[in-house]
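K.L.:
Please read through the structure below; I'll follow up with questions.
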Amino acid sequence: MSILGSLDWNDIFIVPFFTDPSLSTGIAAGAGGIVVLGALAVMVLLTVKGWWKPLWSNWITTLDHKKIGVIYIVLALIMLIRGVLEAVVMRAQQVSPAPGFLSVEHHAELFSTHGTIMIFFVAMPFLTGVINVVMPLQIGARDMEFPFMNAVSLWLSIGGAALVMASLVVGHFETGGWTAYPPYTGIKLSPNEGVDYWIWSLGLTSVGSTLSGINFLVTIYKQRAPGMKLFDMSIFAWATLCTAILMIFAMMPLTVASLMLALDRQAGFHFFTATQGGNMMNFANMFWLFGHPEVYILILPAFGVFSEVIPTFSGKKIYGYTSLVWATIAIAVLSFTVWVHHFFTMGQTAHLNAIFGIATMTIGVPTGVKVFNWMLTMWRGKLRFSTAMLFSTGFIFTFVIGGITGVMLANPTIDFATHNSLFLVAHFHNMLIPGLLFGMFAAVNYWFPLCFGFRLDEKWGRRSFWLWMIGFYGAFMPLYAIGLMGAPRRMAFFTEPAYFPWLVIAMLGALCVLAGLTAQIIQVWVSVKNRESLMVPAGDPWDGRGIEWSLGCPVPEYDFSTIPAMTSREPWVDAKEAGKRVMDPTEFVDIHLPKPTGMPFLVGLVATLFAFAMIFQMWLIAAVGFVAMWVLVLIRSYDTDWEETVTAEELREGYEAHKRVVESTPQIRLDDEFTTKNRGLIMETQV
């Protein structure tokens, strides 16, 4: 075998179109062309504008948790564009007369990449990015406990996403769905590189997510401000703590299962081959030991976001703080006890199914507690429907519908009837779109000023909300109907006439979702264009409650000029009620921040090279990449000059400058919150 392993010219994206011209291969070639031309366009733009140097020094080499969080979110949004476009193509395929315009294999590749992208490269980076930005600010920390590891996690995740995008240009992705069940994904039935793309892209991102979980957990334990007990933390910080524990323990079964599948495929092992003593149910159990905690890894941070947004825009403190904390803990614990409900039909006894069905119903109790707490927080509050609040309220009743169908599916007898139907597809989209994406959209609109110093445009934000809401109901409510009529999932086309009207509605809904995503892109564009009128230099543009809003916007690299003293659960609210416009400083002392370094980027780069080489069996290149990874880590371990000092005088000057901005900013009322009068620091008594 050559140094290029199994890679040859036939793997290049344009070749299949010339060897087997069709609309399906043309669409595939066009997608690959967009990736290549898009990458070239970005490089040309960076060169023409002279942005390479600032990109390297300010972003690629950064160890600042806020910038790392922003990069995660940008990654998620880029991958979201691909995920939504793939969804629209699949809806168009299914609404077309049979057999449609895509080949069966191409359609299978689409639903496999769509699921993989949306879970691992949209949802995970999105929540990780929001946590990176917000959590240290909410606990009074200046950075993550392990800033270098934080950056390595980022570049491993980007490497995994790059491999998924590379599958559009070189080779193919797998066709076995986002779960990649063997034996279909074994070497005998899937001999090309598609499954290996899945294995190694997930391998990179799962390691990155595990490292992130460790980082979040240790940061919360070690970096809290003096006086801040665990039960003084915000609900979002509690959600992060529970999510971090889930990430540490839940990602490992996925990593192990995918590596075992790699050994099956490339080293002749037979962990999952029934005829050779293996058992594919071992894969199913390990995958869903990850898979169901993963649902709550995705949803708990969004629950935390709603628990910050709803009190702020209701003008009240959160109702039932303690019950919300214990509900979060209960969900995290119970999430490890329900994985079998993903395969009720796979042969275990009725007794075992009943146990896991009861456990699944039980997890709805703490979730219901949260819903009632959010509703009671809004009760008799002074509600202001910002974009963030719209996504939060839209989440509540939409998520409840998904929760009801989840309780239905917890009954094994109902699950047997709806298993692998479009009813199930509607259910999990009904949980994850409002439960994850709406939460992340609310978070971006709410905390955006902390990173960039200006608000996002409310007009386009509200338009995007309504398009997403209408599109969601249009795209997925019909799937409940035809799922109950017997429509199976993953079908490239349908011939049953009764399905057609529902599929047309679903297609229109998907187009509406695409319009919502387009509106969000326009929202960012308009906001950047009009940023001078949207600036909030005094900070706290929403009359917020957390200590992150005591800072100016954008937040300086060192976050806090002095670490706040926590005298209550909401010291910033206490300060505002006492008539103060800035929090009293504690002691100004010299601090040390990590220097920017390109080492995490290089680690991610060679890890991606190693994974790509493993996909195409380039053993020599893989060996070089593997060794290079550890050499880079070793070099970093011996680097003693990795900190820079910010003096106490610089911190004092930063505090005084912020104080002058605050004192010169006219106070406004909440009625002017969404106007250009809002330059930050809205002051109005809360309850």
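Heads up, residue numbers simply count up from 1 along the chain you see.
In case you wondered, yes, glycine gets a Cβ from its N, Cα and C as well.
Annotations for this protein, taken from TrEMBL, read as follows:
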DOMAIN    50-567  domain 'Cytochrome oxidase subunit I profile'
TRANSMEM  27-48  transmembrane segment
TRANSMEM  69-90  transmembrane segment
TRANSMEM  110-134  transmembrane segment
TRANSMEM  154-173  transmembrane segment
TRANSMEM  197-218  transmembrane segment
TRANSMEM  230-263  transmembrane segment
TRANSMEM  318-340  transmembrane segment
TRANSMEM  352-376  transmembrane segment
TRANSMEM  388-411  transmembrane segment
TRANSMEM  465-487  transmembrane segment
TRANSMEM  499-526  transmembrane segment
TRANSMEM  602-635  transmembrane segment
K.L.:
Mind checking which residues reach the transmembrane segment (110-134)? Cβ under 8 Å, same chain, six or more beyond either end.
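P.N.:
Same-chain contacts beyond the ends: 65-66, 68-73, 75-76, 79-80, 82-83, 86-87, 89-90, 93, 102, 144, 150, 153, 157, 160-161, 164, 167, 173-180, 194, 198, 201-202, 205, 209, 212, 216, 236, 240, 243, 294, 297-298, 301-302, 305, 432, 436-437, 440, 443-444, 447, 450-451, 490, 548.
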K.L.:
With the transmembrane segment (465-487) as the reference, which stretch in 154-173, 197-218, 352-376, 499-526, 602-635 has the largest tally of C-beta pairs below 8 Å?
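P.N.:
Per the Cβ under 8 Å count, 499-526.
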K.L.:
Same chain, outside the transmembrane segment (499-526) by at least 6, Cβ under 8 Å from its Cβ: which residues?
P.N.:
80-81, 84-85, 87-88, 91-92, 94-95, 441, 456-457, 460-461, 463-468, 470-476, 478-479, 481-482, 485, 487
K.L.:
Considering only Cβ pairs within less than 8 angstroms, which of the stretches 154-173, 197-218, 318-340, 352-376, 602-635 has the most against the transmembrane segment (230-263)?
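P.N.:
Top-ranked stretch among 154-173, 197-218, 318-340, 352-376, 602-635: 197-218.
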K.L.:
If you average pLDDT over the domain 'Cytochrome oxidase subunit I profile' (50-567), what do you get?
P.N.:
96
